[in-house]
Amino acid sequence: MTDVTIKTLAAERQTSVERLVQQFADAGIRKSADDSVSAQEKQTLIDHLNQKNSGPDKLTLQRKTRSTLNIPGTGGKSKSVQIEVRKKRTFVKRDPQEAERLAAEEQARREAEESAKREAQQKAEREAAEQAKREAAEQAKREAAEKDKVSNQQDDMTKNAQAEKARREQEAAELKRKAEEEARRKLEEEARRVAEEARRMAEENKWTDNAEPTEDSSDYHVTTSQHARQAEDESDREVEGGRGRGRNAKAARPKKGNKHAESKADREEARAAVRGGKGGKRKGSSLQQGFQKPAQVVNRDVVIGETITVGELANKMAVKGSQVIKAMMKLGAMATINQVIDQETAQLVAEEMGHKVILRRENELEEAVMSDRDTGAAAEPRAPVVTIMGHVDHGKTSLLDYIRSTKVASGEAGGITQHIGAYHVETENGMITFLDTPGHAAFTSMRARGAQATDIVVLVVAADDGVMPQTIEAIQHAKAAQVPVVVAVNKIDKPEADPDRVKNELSQYGILPEEWGGESQFVHVSAKAGTGIDELLDAILLQAEVLELKAVRKGMASGAVIESFLDKGRGPVATVLVREGTLHKGDIVLCGFEYGRVRAMRNELGQEVLEAGPSIPVEILGLSGVPAAGDEVTVVRDEKKAREVALYRQGKFREVKLARQQKSKLENMFANMTEGEVHEVNIVLKADVQGSVEAISDSLLKLSTDEVKVKIIGSGVGGITETDATLAAASNAILVGFNVRADASARKVIEAESLDLRYYSVIYNLIDEVKAAMSGMLSPELKQQIIGLAEVRDVFKSPKFGAIAGCMVTEGVVKRHNPIRVLRDNVVIYEGELESLRRFKDDVNEVRNGMECGIGVKNYNDVRTGDVIEVFEIIEIQRTIA
C-alpha cells in the first residue's frame, strides 16, 4: 500500500486536518499537514482510536434482593422485618497485550515444571543407580571375604555359595527396583505438589488483579507471611534432602505424625477449607504449640522424707491421688488422701508404681548441733554407777540407807520406793553412785531405765524369802543391758534365813556364784545390823576395777534423765546422771523434746553446786518443760539451734504418732462393732514425778477387760489444776492424785461439779480401788440353782389346768411360780413354769421334802408317770476384777 498524505487521509476520514494531526499526536506520532503516512502508522492510529472509543474496561453489576422476615414477639404477636441483600460483582476486560504476557508466563512456568520434573527424575535415577552400585560393591566385598574365609571347605559350600549369590543378586535387584519405585513416586508427588502450587498462585494472581486497592494494602502482611513460610518449607526440604545417604527413598515414604511431610501453608489451607465461608481465606497463622501427650509412663526420682501425706506423694509422682490410694489398697493398706504415712510405706508404694526413691534425712540440723560439741580427748577413771534391784520389801532402800547413814526409807510411803533415788557415796576406796529402783511390778519401766544407765547391778534377795517374780524380772533387765550382777543376800540375821536356797534358786536363772565356777559375787549382808556392808562395797569396787570404767572429764557434758517432775515454785525439775564431760551452771542443754539453760543445780542433799562431773547425779532447773525419764541430755553451744531441734523433735514425734494410727484396719472392725457394749472407766491422773505417771498408767491400762476398759483421759506431772478438773467434768472421769493435791481453783470446780477426787500415796491402794470401781460396772453373772425334785407318781385330768401330776417331793423344796424342767429318763424334754401347786385341794406356795402334792405345768400336758420335775431358781452373782 502506498503512502498517503495527511490531507488525503483527512479527506478519506471526513475530518479536519488539525483534528487528524491531534489524533496522531495522541497516538504518539508527530505529523504535519503535508507529511505522508505509512501503513504501519495508519494501523497505530486505528488501534488508538478503537481503544479510545471502545466500551469501559471494567463492568460492575449490582443486584438487590428484598425479603420479609417474620419474628415472633412477646404476647404472641409476630413482627415483620424488611431485609435487603445487596450483591456487587466487577468484571474486568483484559488487554490483549496483557493476555499475551500472561500466556507467555504460563508457558514459561510449564516449561520450568517440565525441566524440574526431568531434573528430579534424572537425579532419582542417578541416586538409585549409585545405591545399587554401592550395594553390589559391598556385596562383592562380603562375598570375597567369605570366599577367603571358607576356602578350606570350598567343595562343601559351592552350591550354597551359588544359591546365596543368586539370592543376594535378586535382593540387590529388588532393592534397586524399590528405590526406583520410591524415586518415581516421590517425583510424581513432587510434580503434583508443584502443579497445585502453580494453580493456587495463578488463582491468587487472578483475584489480586481484581481486588480493590484497600484490600491489597490490607493483605500485605498475609502475602509476606506466605512467602516466608514457602521459603522456610523450601529450606527444610533442602536440609532433609542433604542428610545422609539413601534418605530420599525414606523421605518419600509417608509417616504417621510427620510434621514436615507437607508445608505449613498446606496445613493451614486444609484447616481453612474445613471452616469454609469467608474464614476459608487464610488471614495469617497463629502461634501453635506442638505438645504431644507422652506415649509411656515417665519414671521419676521421688524424694521422700521420714513422713509424707498421700497427696504429697501423688504430687511428687505426678499422678492422681486416687491412683496412689489404689496402689496402697493392692498392698493391703487403706488410707485417705490427707493421711500421713511413714517412709517405708511411701517407699513401697513409689517403687510399686515404677519410680526411683531417694530417702532424705531430715535430722541434718540435729546432727549438725550434736557434732558441734567440744569434747575432751583424755579419758580418766570414773566412779561406777550401781543400781540396786530386787523384789519389793527385800531391803533395797534399807541397805542403801545404811550405806548413806541416813533414814531414807522412812520418807517413802508405805516403806516402799516409788521413785528412782540417785545418790553418790564417798568411801575409803573411792566414790560410788547408787540408783535405788522400785521393786514392785508396776515400776517395770523405771527398773529397765535404771538398768540401761548403770554399770553394775546389785541384786538384793532376802535370805528368808528367796527368788520372787520381781527378782526374776531384775535378772532379765540386767542380762538385756549386759551388766555384771553382784548378789547381796539380805536379812542374813533372821533365824529362818537360808542363803544356800537363794544360790540354788538363782542358779536356775544363770546367776552362778564364783565358788561354783560362775562370775557373780555373792555377799551376805544385813541392812538392819550392818553386817557385810564393807564386803559389799569392796565387791562393787572390785567389779568396777575389772570393768576399767573411764570417761572424759573435760568438755561439754552428756548424760541421761533419771527422773523428772514439776515443782510449783521451781518449775520443771530433772534428775540427771552425767555420763561424760562436766555440766556447769549456765550451760545450754537439749533434753529430748525440751531445752533450756541450767539456772541451778542441786545434789541429792539439796545443796547448790556449780558443776557436776561424770557419774554424779544432780537436779537441774531451767528446762522449757518436764522431759521424759530416760531422755538423753546433751550440752550444746547455741540456744536458738537447741530450740529448733527440740521443736523439730516434737513435730516429728507427732507425725510419726499420726502415721502409726491406722483408723481403718480390718482387724479393728469387730472391736468397733462391739464398742457400744463396753463400759469405760475414765481417769485423769496426776502424779509428782514422770516415772510414777508411766508406772500407774501402765498398771491401770492392764486392768482392762472385754467388758470394762480403763481409759486415761489425761495425765501429767504436778498438782491438780482447774484445767484437770474441767477435763474430768467434761469426760465424766475420776480425778486421781498420786502424792499431789488440788489447788483452790480446782477444788471449787470439783465441789461445783461433784467430781470424784481421790488421793493416794501407795500404788497398791490406787489399783485396788480402781479394780473395785470396775467390778461395779461388770454385769452380774446369772447362775441356776436347783432347789427341789419331785417324782411323778400318777397323772390326773383337770378341766381348768389340763394334766395334773401327782408327785412326791424327793429332794429340797418345790415352790410355786418357779421355773421347772421336766426330765424323762434323765433327759430334759420340757422347760417352763410351775403354774399350779396344791396339797389336799388347797393351793400352797411350797411343798417340802417327803410330802405329796399336785403340780400343774403351764402350757404342757404330756406329763407321764415316772417323770421327774426339777424346780430351780436363777440367782445373780456379782463379778469382780481378778
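Cβ atoms are placed via backbone N, Cα and C, with glycine included.
Here the structure is a predicted model, which means the values were calculated and not measured.
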**Message:** Between 490-493, 594-597, 706-709, I'd like to know which one Swiss-Prot lists as region 'G4'.
**Reply:** 490-493
**Asked** Pick from 380-384, 415-419, 640-644, 715-719: which range does Swiss-Prot record as region 'G2'?
**Response** 415-419
**Asked** Which residue range, 390-397, 494-501, is the one Swiss-Prot calls region 'G1'?
**Response** 390-397
**Message:** Please give me the CB contact count at 10 A for LYS396 (GTP binding site), counting all chains in the structure.
**Reply:** 30
**Message:** Going by DSSP, is LYS396 (GTP binding site) sitting in a helix, a strand, or coil?
**Reply:** helix
**Prompt:** Where DSSP helix means H, G or I and strand means E or B, what are the helix, strand and coil counts for the region 'G4' (490-493)?
**Reply:** 0 helix, 1 strand, 3 coil
**Item:** Local backbone state of GLY390 (GTP binding site), from DSSP in three classes
**Value:** strand
**Message:** Distance check, please: Cα of GLY390 (GTP binding site) against Cα of LYS800 (N6-acetyllysine), rounded to an integer number of angstrom.
**Reply:** 77
**Item:** Between LYS800 (N6-acetyllysine) and ILE492 (GTP binding site): CA-CA distance (Å)
**Value:** 84
**Message:** Neighbour count, 10 Å Cβ-Cβ cut-off, for LYS800 (N6-acetyllysine): what number do you get?
**Reply:** 7
**Asked** Between the binding-site residues GLY390, ASP393, ILE492, where is the Cβ count within 10 Å the lowest?
**Response** ASP393
